[in-house]
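Trainee: Checked TrEMBL, it gives:
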TRANSMEM  D:12-29  transmembrane segment
TRANSMEM  D:49-71  transmembrane segment
TRANSMEM  D:91-116  transmembrane segment
TRANSMEM  D:123-144  transmembrane segment
TRANSMEM  D:200-220  transmembrane segment
TRANSMEM  D:247-267  transmembrane segment
TRANSMEM  D:287-306  transmembrane segment
TRANSMEM  D:327-347  transmembrane segment
TRANSMEM  D:353-374  transmembrane segment
Amino acid sequence: MSNSKLTRRGLIKTGAVAGAAGLTLPTYLRADGHAGFTNAPTGDTVTLGFNVPQSGPYADEGADELRAYELAVEHLNGGGDGGMMNTFSSKALQGNGILGKKVEYVTGDTQTKSDAARASARSMIEKDGAVMITGGSSSGVAVAVQALCQEAGIIFMAGLTHSNDTTGKDKKANGFRHFFNSYMSGAALAPVLAANYGTDRKAYHLTADYNWGYTTEEAVRSSTEAMGWETVNAVKTPLTQTDFSSYIAPVLQSGADVLVLNHYGGNMVNSLTNAVQFGLRDKLVNDKNFEIVVPLYSRLMAKGAGANVKGIFGSTNWHWSLQDEGSKAFVQSFGTKYGFPPSQAAHTCYVQTLLYADAVERAGSFNPCAVVEALEDFEFDGMGNGKTLYRGADHQCFKDVLVVKGKENPQSEFDLLEIVEVTPVAQVTYDPDHPQFSGGNLGTCNPGA
Amino acid sequence: MGILEVKNVGKRFGGLQALGDVNLSIAENSVHAIIGPNGAGKSTLLNCLVGKLIPDTGSVMFDGQSVLGRKPHEINQMGISRVFQTPEIFGDLTVMENMMIPCFAKRDGAFEMNAIASVASQRDIVERAEHMLEDMNMADKRDMHAAALSRGDKRRLEIGMCLSQEPRLLLLDEPTAGMARADTNNTIDLLKQISDERDITIAIIEHDMHVVFSLAERITVLAQGTPLVEDTPDNIKGHPKVREAYLGETQTAA
Amino acid sequence: MDAIILQILNGLDKGSAYALIALGLTLIFGTLGVVNFAHGALFMIGAFCAVTLSRILTLSHTIIDETQKDFLGNPLKVDVPYIYDIFGQQTGDAIIDWAVPLSILFAIPVMIGIGFIMERGLIKHFYKRPHADQILVTFGLAIVLQEIIKYFYGANPIPTPAPDAFRGSFDFGAMLGFDPNTIIYPYWRLVYFAFAAVIIGAVFAFLQFTTFGMVVRAGMADRETVGLLGINIDKRFTIMFGIAAAVAGLAGVMYTPINSPNYHMGMDFLVLSFVVVVVGGMGSLPGAVLAGFLLGILESFASMAVVLEILPGINQIIIYLVAIIILLTRPRGLMGRRGVMEE
Amino acid sequence: MFGLTKRDSTLLIIVILLTVLAPFILNPFPEGSAMAQFNAGYPDLMQRLVIFGIFAIGFNILFGLTGYLSFGHAAFLGVGSYAAIWMMKLLTMNVVPAIIISVVVAGLFSLLVGWISLRRSGIYFSILTLAFAQMSYSLAYSVLTPITGGETGLQPKVDDPRILDGALAAGQTPRANFFGLEMGTSYELELGNWIFTFNAGYYIAAIVMILAFYLSIRIFRSPFGMMLRAVKSNQQRVNYTGLNAKPYTLAAFVISGMYAGLAGGLLVAMDTQVGAERMFWTASGEVVLMTILGGAGTLIGPVLGAGFIKYMENIVSKINKSVLEQWFAFMPDGIEDFLIAIVYPFIGKGWHLTLGILFMLVVIFLPGGLVEGGQRIGRLFKRKKPSDDAADGKTTPAE
């Protein structure tokens, strides 16, 4: 008797003949075990699952991720100009699909809710026979889908997820994160802040009241305090808050001269807009200019906040104005296809797809355990962030981190951030058992079936 | 001692003295009518009897027990049933179901969580409800939705529902209001029959003198929140004060 | 002390937004007896009236600037608004800068039109239907409206700033004798508060002092009787729906500089505004306004750091907690009438 | 049969057949065909269909029978889910204790919420329940993170205590099971080009759903159910019949809360993860929509409504542009582009739009919900008594 934990559909191949219990009809039981892992591709195609937010507040970010995935698929199948495949240090990819199989894909809507994201991912695994799931725009979704993939024996290549937990307390052997995290944001930002604003500053934190907010506040606090900043106060704000006036208004009374907004998405757009509205940036406190810091920036958020971002520091995973060969190649092919430059979410998703395909090629198998082995401690270059390491201990990518600030005179609606500093990877690297990442257990890879 | 003793009941609404100093005694197994012009306080008095209002002063005793401060369902359990001016029935339920609810209430008391057995399996209830429907001459309508009944049939159903609880006191609030003559006469006959056949006290508030004089054994006339006079129908008819205060009005209006 | 004054200001400001939305919702509840789940969507559409107007004002033709390059290295395409061609750059910029206040003029006819179409085309047929059906159909409508907006404008918030003249904030502290910079409040938010007060006052005056308003108030109290008087109450109710839509829309227009509008801002406000209406008491306009300000102020106090230290998380639940307490102590909210939406 | 009337027995048998044969019914199109996109016969969706069916059946016991419209029922589902996952983390991955505890905890929580909320009626009641649910959601997402996992939710982990289970083999992850039978276990039956999946978890959920449905028929047909309908119809008369309505409505509230908890426990059993969004007001609103859409107060309606919404959410949202291109590939280019341009806004990321339009169409043209649609189709075939159609449907308690 053969059990398949989560099975695949899609391609029909006759397997072992077996009689299913309770059914009198002769049944043909397709044993998924024959290939040794879940959803082993058996025809001449392989299916990837792109699970991105298509409804809800992050729908535009999801749409950009989807564009990047479509581009990646095109490149993997030999179409277009090849993009980063030409600059990628590993040359395993041939432009003939993955292991000679044409890449097909299915899409789903995470709704930025963990339940919906898992339902969508399960449908990709059970109905469409996806062998890898990727995408997402929040840490809640990333952690939920990562756990599902671990159980199902599928590789998960995380999309945009910044919380320490994804590769910290909730890390999983089948999951990989290319995106940077809260700790790295703090470590990269602190020296730049010290250089620009001095080491004698009083910071006031507003923190989104959920896991990502907590890890970001902790990271920024500990790295700025290490430089001599004082944290005057840290106030938690509800996720569902839209008007932050009652949180912003008391900031000046506290004697703080820096406001750190540990917010993302709509929260960040609104809190930053409100803070600027209150004229905080025009004030002199403790004989210093009042400043605002946004630890995690994205272009879409900058767009939503409009002119309010001008001159405000933050960190980002990647930006299209980078001038290395990989970034240029990616911007070129994305811009040619869609008419505007890609976002950091698009970049991460594109790179994750290529990294997965490359790992399969190098491993010579779609078997998740083989892929995990190929990705662990894999070093590569030419993907836009300089030399990068996929660390085996926690499946986190280590690469340079960008510190950016809102541009004063944007040339177009996409030209909103400018790079202030590229923080070298050494400065943002931490031990796998760093206290901000403790409590997790990577476990071992699960091939499913 | 009557079955219902109202002593010194008074009720104010803001500046309005709705009931002054009402004393009333209703004898067991009698038919007692309370009449009075509009605004005389008839409905207020009735609401004080069934627990919907709590009087400011005085006492209301039913069979030696005070009803004051009890909730409507508790007062009902003491044996007082009420028929409303517009029939209050369960419009979404069938006639048969309407009749079964009070039967269940009578058998099970205040709350019985009988969630598994089917209604049809409750033979005793079904029989009682069917019996009552026959008594009310409504057996042929048992599967109709109550909302679809005629006004007269709704009234009949409501009276039947009250009777199936076997109350000791039946309070009727203008039971023939808005009815056609034929329906009114049917209702009078029905009430007569009930009063003759059952051990029951009936208190009736009514505008229609035809109904009052056809049914009542005693009549209390209420005016401006206080009882004007209480007597037998024949004496009331001839009472000058009543003629002046009330009957004159209706005669000219009629 | 200064902290408390500041939070009262915040509360009044928040409250004025709640009160404005709740006011329209109550008008529709009270007059038409309809549970309108699409009311938040009307607020959102109002906000997008402002976005649309500023898009219209910045409608552009492109010229190619050979001296600059775009991100792909091609010559840069520069957008030049048509309005520059008409009024010249300086006046053109000034008009674009004032897009939000100008949108009020644009939004009033649009919102009244939308309100009329909604009432005549859809809501009218649901007056006699159960509340559950009303909820389903207006919720469906709300989804459709917001998806249409999302289709044309995307999911991302769209910055819609106030005119430059309203940038910055007013220093109450200095005026009241506190240290400067302790009690500052943005000019635009003060404008919003004043605007809300005017609109609320206008609606009340309209209902109080015009015969039209008198009939509508009578209709709210007893629809059938008014109908029996031979007054065409339906036509007046259509107009009331238009007015309610316009109030929601204007609240949306003026809100855009406070928070960048996005397609789901209506849903974000919907639940909150229902809570406000119910806490105020069904069918009571003063109740809705009072509850709006009360909840706004309490929410502001609950977000103070000192409060959060004692009661962590109180800012997450304050509105709902207050709603529960009020509804348990006052059965029909602050000023509700008996028998309205109690079955 | 089973103490049911003939009509109810027929209905029950139909539901049993539909659930047992769901793997066939939901997979009408052969694999690889263009229409295979519409197949719903895969374990996750089948499980969700029956679980949300249970949720809606329970909600209907409150709303359909008593008329009390709760806007906070997702809280009971969420609380049940959290109870279940903690049972799995602490005690055993066997789903039986998890499901039992989820029903118990949800029942206790609904007793508390119901006891307070039922002091008010109408919209005041709705807002009270909404307030409780929103507080549960907000707290679970933020300050209760140590208990609920907050944003990232809770999943079983390798190093959980699980005191009743033995140690896991190396490389194994903890999996939900029914005395050793894992929920993910599936058999696949291949017939020609068709593949039918028979999933253990689905059948366990389906059996629970059938029992829940049977119980709801019994409740609808019981004296208790009749009392609830009486409360909905005329609370005044109930009081003047010597009955106190509150214990009846409270019992209905708790029963429906326990149904919600059962659904929450099953969700965890089938897919071992809980997130706080499960309790957000939109989730409460969804079950209201399911019930009204299907037909409130009818027996089968809520199940149909739940199936309809979950099907739309999971199937329509997955249709993307490349699928459209496949569908219309046989058309001439110009027409193909035109058709894609027309259909595209309604699929994939536009699935909400389609859902909103369908809500409106159903409620405008089928006032009694999907059940009424079925009845109308039924009447088309019968063509017997066209006259009494209007009076029917609204008040008929069953079907």
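Heads up, the Cβ atoms here are built off N, Cα and C, so glycines get one too.
Automated prediction, rather than curation, is the source of TrEMBL annotations.
Map the listed features onto the structure and describe their local environment.
Mentor: Same-chain residues lying 6 or more positions outside the transmembrane segment (D:123-144) and placing a CB less than 8 Å from one of its CB atoms are 68-75, 78-79, 82, 113, 116-117, 150-151, 276-277, 279-281, 284.
Within its own chain, the transmembrane segment (D:200-220) has Cβ neighbours under 8 Å at 2-4, 8, 11-12, 15-16, 19-20, 22-23, 43, 46-47, 50-51, 53-54, 57-58, 60-61, 65, 95, 99, 176, 178, 181-186, 255, 259, 262, 266, 269-270, 299, 303, 397-398, counting only residues six or more beyond its boundaries.
Note on the transmembrane segment (D:247-267): residues 47-48, 51-52, 54-55, 57-63, 65-66, 68, 70, 73-74, 76-81, 83-84, 95, 98-107, 109-111, 113-115, 117-118, 205, 208, 212, 219, 224, 227-228, 231, 278, 287 of its chain, located 6 or more positions outside it, place their CB under 8 angstroms from a CB of the stretch.
Residues 8, 11, 15, 49, 52-53, 55-57, 59-60, 63-65, 69, 71, 73-74, 213, 216-217, 220, 260, 359, 362-363, 368-372, 396-399 of the same chain lie 6 or more positions beyond the ends of the transmembrane segment (D:287-306) yet place their CB under 8 Å from a CB of it.
Below 8 angstroms of C-beta separation, residues 34, 316-317, 319-321, 353-354, 357 of the same chain, each at least six residues beyond the ends of the transmembrane segment (D:327-347), sit close to that stretch.
Within the chain carrying the transmembrane segment (D:353-374), a Cβ under 8 angstroms from the stretch's Cβ atoms is held by residues 289, 292-296, 298, 300-301, 304-305, 308-309, 312-313, 316, 345-347, 393-394, 399, all 6 or more beyond its ends.
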Trainee: Residues of the same chain, at least six outside the transmembrane segment (D:12-29), with any C-beta under 8 angstroms of its C-beta?
Mentor: 1-2, 4, 35-36, 38-41, 45-46, 49-50, 189, 194-199, 202, 206, 209-210, 213-214, 217, 300, 303
